[in-house]
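Enquirer: When I checked Swiss-Prot for this same protein, it listed these features:
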DNA_BIND  24-34  DNA-binding region
DNA_BIND  44-54  DNA-binding region
DNA_BIND  71-82  DNA-binding region
COMPBIAS  46-56  compositional bias 'Basic residues'
COMPBIAS  66-75  compositional bias 'Basic and acidic residues'
MOD_RES   S2  N-acetylserine
Amino acid sequence: MSARGEGAGQPSTSAQGQPAAPVPQKRGRGRPRKQQQEPTCEPSPKRPRGRPKGSKNKSPSKAAQKKAETIGEKRPRGRPRKWPQQVVQKKPAQETEETSSQESAEED
């Protein structure tokens, strides 16, 4: 297997006295292998994974506290509803009460 792309099945004439320089070397099929480089510099130390220690103990900044106070109604997470149920139910209910009271007043 080690002499895969070097013409192992054919007798080599270059070994019988002729230099191998003028004959080009056949390349193996497929992607060429990666050439290994010698490490020139020492490897950097690995950084620890995950959340750093003590990051949970920090108090929020003043700007974040003001922002939290100004937010009124909190929306649920995820994709918003196509037809918000609260808005659709409240408006027709108020309109129907007003129209029914107007109709009853007109009938009398």
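The backbone N, Cα and C atoms fix where each Cβ goes, glycine too.
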Enquirer: Please count the residues of the DNA-binding region (71-82) that DSSP assigns to helix (H, G, I), strand (E, B) and coil.
Expert: 0 helix, 0 strand, 12 coil
Enquirer: For the DNA-binding region (71-82), what's the model's average pLDDT?
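Expert: Mean pLDDT, the DNA-binding region (71-82): 79.
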